[in-house]
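Undergrad: What follows is a structure written as structure tokens; I'll ask about it next.
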Amino acid sequence: MTAGRAGEKGVLMATRLPQSRSGAALTFLASWALPLGLLVIWEIASRSGLLSMRLLPAPSAVAAAFLESVRNGTLLTNAAISTERALKGLIIGGGIGFALGILAGISRLVEVVFDTSMQMLRNVPHLAIIPLVILWFGIGEEAKIFLVAIGTAFPLYLNTFHGIRTIDVRLIEMARVYGLGRLALFWRVILPGALPSILVGLRFSLGIMWLTLIVAETISSTSGIGYMTMNAREFLQTDVVVLGVIVYALLGKVADTITRLIEARALAWHPAYRMNPTGEATS
Amino acid sequence: MSEPVSYLRVRGRPLLREVPGPTERTVVSELIPRKQEERPENGKTVLLDGLSKSFASRRVLSRLNLEIPAGQLLAIVGRSGCGKSTLLRLIAGLDRPSSGVISVGGAEVKSLQSNVRLLFQDARLLPWHRVISNVGIARTKNWRDSAAAALADVGLADRANDWPAVLSGGQAQRVALARALVSRPGVLLLDEPFAALDALTRMEMHRLLERIWNEHGFTTVLITHDVAEAVALADRVIVLRDGGIALDMPIDLPRPRRGAADTAAVSLQAQILDEV
């Protein structure tokens, strides 16, 4: 990719969405119009009796359940426990996937030893091993963290590996001509070059992280958002079930927003990600 | 330019102090080369002795002998595939010859050389580093100061904190030139660095290269398929054909040169074209 072509791409991206303050507010409103509109229709349908309260509670009922669960503390406790499990699994699994991806990307030997196995294992739906996991770990914390770790390892491994392998070899050759050692080559050429792909992997991993956790908590747990919803189902508290679903959606959104912020900061050089052309130097 | 250039950063934008630095418009007036006598003797002699290089069964260079005196600006002309780039990569130490010896400044080239710098056809800037960090890529001691000085030298002091993606093709090549200059090389190798530029930018780059070459005094090997470019810039032109030297011609035209306006240059071009 030449600098000139990259510049053109930046111009195209810049004209895609309005950049001014009022434009940003408009963009924000536009992105929330659809969910808010659905909410209003849903409430009207519930109040008018079109929807049975037992099958799908009105948004106002869910809001009441939300206030009640905040007041008695169950929501925050359960959300905190779920988040903790999710992050522990991500750090262990994602960390292993990332490290293996880096090693396989820079070392032919590691690639030969690990890549075939990783490509084979990644096609196994990790939720299929739940029965085994329960046998191994029981229904304790380890089982859930293990499942999340398995799920998050593969996207990070694949994208890190791919990111390193698709770095422009001409840049590596240039770095050699200018006398960069192996460490400098890694930190200043290979890692930044692979970062866009690594962050894509992180976003995939975050999605799988929540998905896995929901399933794991629903099957066997005594705490967490998944447990909260399953418990509510036993007592036909559909408002709490819906609340649990919404909490998952919000947690997922928060995770996604955090990765977007990381992207905007770490990939400020990239024309497609550039938000503020005069941002601070990253080097 | 001996004053260190210092920067005040205001929201990432550099405020240049001390040295105003030539802006793009003032470049041309600044480019009148100095007299030959003032040139510093930083250049290194490059010696090729019986140099051969084969890829599989194909012989690209065969038993090449060539002496490039210190400080000379040599242009190598030839059709594509004649081994020009291969020769340059061998001198840079990126590849090893099949047989024969290369020496730079009396020392045999066995690996990459720190006093030999190579300018590629594409600028090859790291897109994730700002311009100044690209110039100071080797991160030697006080690299910011030397990188800022080199950028000022190529007339881009005001672009130090830009991302490479916003530079034009000519600007990117000037940054690449600044990056090569930082380490004060004894030999500068240029692999068709101006081929992708438009005609006006290319002429600007020619004057810039001539001025820098005069100021620094390094030995220069310029690879080109443009005979006019070779005659406009070089002290000596070599035509490579079938892995050997088909023509070795000194260009004794006075500098600054007037290019196509000079009838002597045009007749030299015709002679070279006959051999290519």
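Backbone N, Cα and C atoms are what each Cβ position is placed from, and that goes for glycine too.
Sequence annotations record features per position, and here TrEMBL assigns transmembrane segment to A:23-42, A:87-109, A:121-139, A:145-164, A:185-215, A:235-255. Taken from TrEMBL, the feature domain 'ABC transmembrane type-1' covers A:79-259.
Walk me through the surroundings of each of these features.
TA: Long-range neighbours of the transmembrane segment (A:23-42) within the same chain, counting only residues 6 or more positions beyond its ends whose Cβ lies under 8 Å from a Cβ of the stretch, are 17, 51, 56, 58-59.
Below 8 angstroms of C-beta separation, residues 115, 118, 144-161, 163-165, 186, 190, 194, 198, 201-202, 205-206, 209, 212-213 of the same chain, each at least six residues beyond the ends of the transmembrane segment (A:87-109), sit close to that stretch.
Nonlocal intrachain contacts for the transmembrane segment (A:185-215), taken as residues 6+ away from its ends with a CB within less than 8 angstroms of a stretch CB, comprise 82, 85-86, 89-90, 93-94, 97-98, 101, 105-106, 126-127, 130, 144, 147-148, 150-153, 155-160, 162-164, 166-168, 171-172, 175-176, 224-226, 248, 251-252, 255-256, 259, 262-263, 266-267, 270, 273, 283.
For the transmembrane segment (A:235-255), same-chain residues at least 6 beyond its ends with a Cβ under 8 Å from one of its own Cβ atoms are 53-57, 61-62, 64-66, 69, 75, 79, 82-83, 86, 206-207, 209-210, 214, 225-226, 228-229.
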